[in-house]
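The next block holds one structure in the form of structure tokens; read it before the comments.
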Amino acid sequence: MELSHETCNGIKNDRNGGTSSLGLCTGTDPLNWTVAADSLKGSHLDEVKRMIDEYRRPVVKLGGESLTIGQVTAIAAHDSGVKVELAEAARAGVKASSDWVMDSMMKGTDSYGVTTGFGATSHRRTKQGGALQKELIRFLNSGIFGNGTESSHTLPHSATRAAMLVRVNTLLQGYSGIRFEILETITKFLNHNITPCLPLRGTITASGDLVPLSYIAGLLTGRPNSKAVGSNGQVLNPTEAFNLAGVTSGFFELQPKEGLALVNGTAVGSGLAATVLFEANILAIMSEVLSAIFAEVMNGKPEFTDHLTHKLKHHPGQIEAAAIMEHILDGSSYVKAAQKLHETDPLQKPKQDRYALRTSPQWLGPQIEVIRAATKMIEREINSVNDNPLIDVSRNKALHGGNFQGTPIGVSMDNTRLAIASIGKLMFAQFSELVNDFYNNGLPSNLTGGRNPSLDYGFKGAEIAMASYCSELQFLANPVTNHVQSAEQHNQDVNSLGLNSSRKTAEAVDILKLMSSTFLVALCQAIDLRHLEENLKNTVKNTVSQVAKRVLTMGVNGELHPSRFCEKDLIKVVDREYVFAYIDDPCSASSPLMQKLRQVLVDHALDNGDREKNSTTSIFQKIGAFEDELKTLLPKEVEIARTELESGNAAIPNRIKECRSYPLYKIVREDIGTSLLTGEKVRSPGEEFDKVFTAMCEGKLIDPMLECLKEWNGAPLPICQN
């Protein structure tokens, strides 16, 4: 997006009262608070949708002030096919600042990094401006890559591409004193998928990301130690990189200030932060949807999403989280079935659901607000000018300041990481309830799906893995920015550690993806187990009813027998008893089903009075025949029901198809190709988790997730008066 107003430098700026799409300072809002607040208008979900839309556009047009998180992430993914175009309107402003530097050199103007040394040794002076820039790049090439046999010390190429894009965007604003041709060359590298190799560590993101950015400059100047990676993963030297990018002008001889312009910025930290926040925002929405599915499979009570509760708390993140969950649960077949169960048997489960379900909006809401605020902070940062000095052509001066201080990156990434850890903690609590038969309202222990629970331990290993993920995530929640060390002869005595914090947040996002993938597979397992439960319960009810009619209705001489009145109470037992508590051996003498069915018959016999003394009217004497007939019939019917379900011919269809959460279930089961996990199958849980994790990393879960919410109008349901 290009802006219509001009600065005194001849480039776009908001100083004269214009308005940037991302809210840069304007004449009517000199402190930028109003536009910062305005940027948070609307729902978080709508913002994420816009982010995804920007990610999917085929071209990123750089003008200096309108770069977005989604665009950075698109370019970071080298296989996305998205191309970068530079706004031609920026050329004049870039040239003006470059010309000013050369003119000032000719006039003998003393400028930091142009005629002086660097940092704590800026008292030194030189007239060899080009040689000074060459030395700057040489001494900053201080990173370590290692041999790669055990571990990689190279910055991920996606982060490097993000940094290249952000740095070009910054330099386009025309305050940096660099030739436009250098920016065009970096853009050609991006468009030809040629990525310089940058060290993973070695920056404190103040004065900018000096060390890693110097390796981009090293490639541009043809330093022999510089390397790049091509589109097919091949390692390239500078000559090969230039040839593949179609740059025929040869390596650059840096002019005064150009080396400093390339390295004195926060682009590596902010570029990685942008890609991290793209993922974090999507994972935040995913956590809301998964919490709603968790409520469905746990037979949760949906009143925890009622708008009045959240309206009275006032926090927008909480209100939106509750509204999203409310939307998914509204009309859910699981919710309807659970409500019926709660009405007929109110004592079967606690009056209130546990905190991991009932307070999930209150827990997730603040995390969403933190992630959203961090997103806005980073979006401002990737559109900021971070050099020192800044070239102000309009006032004919170089401004010496500290925009290279990447504190917005360090702070926003620390905050984001804490939010991610909190989301992971909730997810682990929900997962722990889901696999525990003491809490999960009738699902089998460990979500075992097989016939023999003694040889099927379901998600037990997964719960251990989830505990490990969660523990590491909680450790990563510790801040990075409170570990600042004074650097560079105490000139850089406070520094942001922006890239370090971004790297740790990228790790946290990756771990939350592991947790989300595992949890999603577990939820799909629970959905299928509820389907199995419903079909098995229906089979048991029909079989008990059939046996009761056959054995208890008539006496030996064909007369009506007093035991015929037992059937209704026998069916109540089946309705109230958790199927998975007995279904592996339903007719065992110690089975809770058989014990309670027998107790019904005993109770009726005790009420039968004197008729128990007569063998033709005794209910006690019917118990043996009833149990024998049930033992003959029930195991066979249970196996038939299981087999029919496994073959896709279940008597009762899966309720999930009637729910708004179905798109996520569908992609996991049908498109990704997972299925009910049982001990009888060779396939391990980890194999299924891996499939979903890979799909999540490839962005394949985004559309199904949004499909769950496609009918949401962005508002809570009206507060009902009944």
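In case you wondered, yes, glycine gets a Cβ from its N, Cα and C as well.
As recorded in Swiss-Prot:
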ACT_SITE  TYR112  active site, proton donor/acceptor
BINDING   ASN264, GLN352, ARG358, ASN388, LYS460, GLU488, ASN491  (E)-cinnamate binding site
MOD_RES   SER207  2,3-didehydroalanine (Ser)
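The binding-site residues considered are ASN264, ASN388; of these, ASN388 has the fewest other C-beta atoms within 10 angstroms of its C-beta. Spatial neighbours are here defined as Cα atoms within 10 angstroms of one another, and by that definition the neighbours of the residue listed as 'active site, proton donor/acceptor' among the recorded positions SER207, ASN264, GLN352, ASN388, LYS460 are ASN388. Of the recorded residues, LYS460 ((E)-cinnamate binding site) and SER207 (2,3-didehydroalanine (Ser)) place their C-alpha atoms 49 Å from one another.
Considering only the recorded positions SER207, GLN352, the Cβ with the fewest other Cβ atoms within 10 Å is that of GLN352. In three-state terms derived from DSSP, LYS460 ((E)-cinnamate binding site) belongs to a helical segment. For the pair ASN264 ((E)-cinnamate binding site) and the residue listed as '2,3-didehydroalanine (Ser)', the C-alpha distance works out to 6 angstrom.
Taking the Cα atom of each, the residue listed as '2,3-didehydroalanine (Ser)' and GLN352 ((E)-cinnamate binding site) are about 54 angstrom apart.
The number of other Cβ atoms within 10 Å of the Cβ belonging to ARG358 ((E)-cinnamate binding site), over all protein chains shown, comes to 17.
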